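Chemist: Take a look at the following structure, please.
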C-alpha cells in the first residue's frame, strides 16, 4: 500500500494539470491513466483534429483568394504522412507530459483505477489483476468521457465510426455522413470536405452548432453549403447501419442517406461505470456524471473535475478546474469554484468562437438584453485573407457585456481577446483607455463593442 | 470665411478619428486632406501591404507543411489582379470613410491646408490658389509623414523607389535591395521573396528590426535566411544609384550590390514644410516634427497628433491620440495624454509583435529586470500550422510585466491578447483567475508568463 496526499484518476488535461500544481505546491501525488497520457484531448480530440485542420488550412486560404481571383493553385495533402506526423506529435507530447510530471515528483501508474473507499484506489492491470493499491487523503476523479452511442446510433467499426475511429481511418472516404453537428462533427466535416470527401451533416436540433445562436448557425450552414457540405437539421436519425459496404442513415422523415462512412458525434458519456465512485461515497447524476458541490467536491474526500463531472466538456475547463481543485487542496483557494466566462471554438476553414453566454441564454436568464454586431468584411485583415464572410456579435445584459461570439475565417484567433475584453468589461469609456493595434482582426471586436446595441426580446 | 469649432489638417487615421469623435460629440468640424482620404495607412501603408501579404499567406503556410512533408503544391499569385483588388478595396474604404464623416456632419475639404494664424487655415487648390478660408476655435495638425530620403539615398523613381512607388510597381522585379530593415522594409522583403524576387536587406543598425531586441532580430534573420532572404546589418550605405537599368548600392565597407530595383525605407519625415505651423505659434523640433506638450498641444489653440508630432509613427497611435485630443477638446478628458503600452507588429509569413518595452529599454530604464520565454514549438496550434519556429519573451521590471514580444509565424494574432494581459498584469495568481481557451496560439503567452524569469543585467 503506497500512501499519497492525493491520488488522481485520469491523466488527461484536468488530472495532469492538478497533479502538476499539487506537486509544485509540495504535495505527494499519484496519477493513474488507463489508456493514453494526455487523455482524449491530446490523443483523439482537440490536438489531432487541429493538426488535420492545420494541414488543410492553406487550401482554405487559397480558396478565399481564388474567389477574389488573385491567386490560384493546387495543394495536395499527404494523408498518410499527416497521420504519421500527428502520431509523432501526440506521442512526443505525451512523453513530454509524463516526463514533466515525473520531474515534478509525481508518481505515475498505468492501468485502470477504481475507488475502493473514501481514501483508497486500486490500479488494475490489463489482465484484471490488482497491480497497485493506493491510499490518499484526497482523491481527484478526472476519468474523462467517451463518445456516446444510442440504440440505432451505435458505431460498429465497419462503416459506422466514432470520432476516435474516424481520426485513425487509414484512407480518406469518398463520402461521409456526420451525425451530430457540434464542434467535433463540424470540424470533421470541414476537414474531410477539404480532402475531397462528399460530406453530409445531420443534426437533430433545429440548427447545426446547436449550442450557438441561430444566426451564427445559419451563416455557417450557408458558407458550408458554398464549400459543398450539405447540412440537414431538425430531423432525428431513426437508424444508422452498415449495409453491404455502405453506411445507411434513415431519418425519421423516411429519407435515406448513403455514404462510404458515417461518424456518430452525438455527445459524450462519462467514464464512470467501473470507477467505484459509489464506494468513495460519491453520487452520480441520472446521466452518469459525478455530482459535485460548489467546490467541485463529490464527497468529503473526493473531487471530480473535467468531463466526468459533466459541467463543461472542454479540455480547458478541465485544466481550469484541475488548477482550482489542486489549489483548494493546498488551501490556496477558499472560495467556491467560479469558471468565469467559458471560451469555446469550432476550428477549421470556417470557425466559430464564443465567450460567455449566447443571446438565447441571455433571453432565458432575463434582464435588458441587446445585441451589437460588426461584419468581418469591414475589417482589413479579414479582407487581406481573401475570405471576409461572417460577423461578430456582442450580447449585452443590463448594460454589461455578457457574451461575445463570432463566425468566420480565423475567428478562433479572437477568443482570448474576447475573453479579456469581456472580463475587463472594455466598452464605452473604457474602450478608449488602451491602444488597439491596427490593422488586426481583433479590431472587429472593437467595432462590435462600439456599435449601438439593438434591444432584443 | 467658414467658421468651425475645430479644423483638422489631414484625413488619415488620426485626423479622421478625431473628426468622427468630435462630430459625434456635437462639435462643428472641418477636415482637409491634400492627397488620399485615409492617409498613408489606407492608401500606401499598412493596408496595401497587408493585402499583399494576405495573398502570399497560403504559400507561407504551405511551405511550413512542405517542410513537414504533409502537403505539397503550387500557388500562383496574379500580381496584376492583386494590385487591382487592392486599389478597389482602398478606394472603397476611402469612400466609406468620407461618407461616414459626411453623415456625421463633418465638412470635408480637398486641398493642401496651411495655418495662417492661431485660428485660421487656408485651403489651397492644385493650382496654388486659395479655395477656402476656415476659422476655428481649435486646429488639429494631423498632416502625417512621408518616406525619408537622404543625400545618396534618394529615390529617383527609376530603379530607386520609396515604399509608395514600390507598392505601385507594375511588375514583380527579379531582384530587390531593401535599404532599411524596419517594419516596412521587412514586410516588403517578405512579400517579394514569396513572389520569387531575390531579396537582399541592408540595415545600418547592428541588427535588422532595429527597434526590437537582438534575440528577436537574430532569429528573424536566421529564418529569413532559410527563405532565401539575405540580410546584411551593421553597415551603412555609402550610395544608392541607378546605373544603366540597375540599382547599385555601395556600402561603406566597399561592397557593391546590384538589383533590378531598390527600396529606400530608412524612416519617415513629417509633412511640416508648408503647414504654416509657425504662423499658428507652434514650434518644430530639430527633425521637423511639431513639438507638443503633455496634452498633445502645440500651442494654446493647436493640437498635433499622429506621425506629425513624431511620438509614435503608427496608425493606431494616431487614432488613439486623435480620440484623446477630440475628447480633450470636448472636455471629456482632463488628464495628460497617456499612450499606455504601445502595440506594434511586423506582418508576413514570419511576424514580430510587441507590446510595451523591450529588454534593452528596460535595462536602460533600470530596476530589477528579468526575461521569461516560451518556444512556439511547444504550442499545438503553432505545430498544426506546420511552421512552429520562434518564441515569446516577457520582459519583467521590478516584478511587473513591462513588455511582451514574439517572433514566429502568425504571432501578429497575439498582439491584442498580449496588450490586455500586460494591462491587466495577468501573472502569478491572476493567471488562474480566468479560463484560457485550449488549443490556441494564445496559450504560448500563458506559458511564457508562467515560466520563471531569468534575471538580466
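Any Cβ shown, glycine's included, is placed from N, Cα and C.
In case it helps, TrEMBL gives these features for our protein:
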type: DOMAIN; residues: B:4-322; note: domain 'FAD/NAD(P)-binding'
type: DISULFID; residues: B:41-B:46; note: disulfide bond
type: BINDING; residues: B:50, B:307; note: FAD binding site
type: BINDING; residues: B:180, B:181, B:182, B:183, B:184, B:185, B:186, B:187, B:203, B:267; note: NAD(+) binding site
type: DOMAIN; residues: B:342-448; note: domain 'Pyridine nucleotide-disulphide oxidoreductase dimerisation'
type: ACT_SITE; residues: B:438; note: active site, proton acceptor
Chemist: With every protein chain in view, what's the tally of Cβ atoms within 10 Å of the Cβ of residue B:46 (disulfide bond), excluding that atom itself?
Modeler: 25
Chemist: How far is it from residue B:41 (disulfide bond) to residue B:203 (NAD(+) binding site), counting Cα to Cα, in Å?
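Modeler: Answer for this pair: 23 Å between alpha carbons.
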Chemist: Sort the residues of the domain 'Pyridine nucleotide-disulphide oxidoreductase dimerisation' (B:342-448) into helix, strand and coil with DSSP and give the three counts.
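Modeler: Counting residues by DSSP class gives 40 helix, 34 strand, 33 coil.
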Chemist: What is the number of other Cβ atoms found within 10 Å of the Cβ of residue B:184 (NAD(+) binding site)?
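Modeler: Counting Cβ neighbours of residue B:184 (NAD(+) binding site) within 10 Å gives 24.
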Chemist: Below 8 Å between Cβ atoms and chain A: which of B:46, B:50, B:180, B:184, B:186, B:203 make it? I'm asking about the recorded positions.
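Modeler: So the ones by chain A are B:46, B:50.
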Chemist: Please find which two of B:180, B:181, B:182, B:183, B:184, B:185, B:186, B:187, B:203, B:267 have the most distant C-alpha atoms, given that the record lists them as binding NAD(+), and give only that distance in angstrom, rounded to a whole number.
Modeler: 14
Chemist: Averaged over the whole of the domain 'FAD/NAD(P)-binding' (B:4-322), what is the pLDDT?
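Modeler: The answer is 96, the mean pLDDT of the model over that range.
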Chemist: Relative to the Cα of residue B:46 (disulfide bond), which of the binding-site residues B:180, B:184, B:186, B:203, B:307 has the closest Cα?
Modeler: B:184
Chemist: How many Å lie between the Cα of residue B:203 (NAD(+) binding site) and the Cα of residue B:50 (FAD binding site)?
Modeler: 22
Chemist: Go through B:180, B:182, the listed binding-site residues, and name the one with the sparsest Cβ surroundings, counting other Cβ atoms within 10 Å.
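Modeler: If we count Cβ atoms within 10 Å for the binding-site residues B:180, B:182, the smallest count is at B:182.
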Chemist: From the centroid of the CB atoms of B:180, B:181, B:182, B:183, B:184, B:185, B:186, B:187, B:203, B:267, the recorded NAD(+) site, which same-chain residues not already listed sit within 8 A by their CB, in sequence order?
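Modeler: Going along the sequence, the neighbours come out as B:178, B:188, B:201, B:208, B:209, B:265.
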Chemist: Can you see whether DSSP assigns residue B:186 (NAD(+) binding site) to helix, strand or coil?
Modeler: helix
Chemist: Going by DSSP, give the three-state secondary structure for residue B:180 (NAD(+) binding site).
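Modeler: For residue B:180 (NAD(+) binding site) - judged by DSSP and reduced to three states - the answer is coil.
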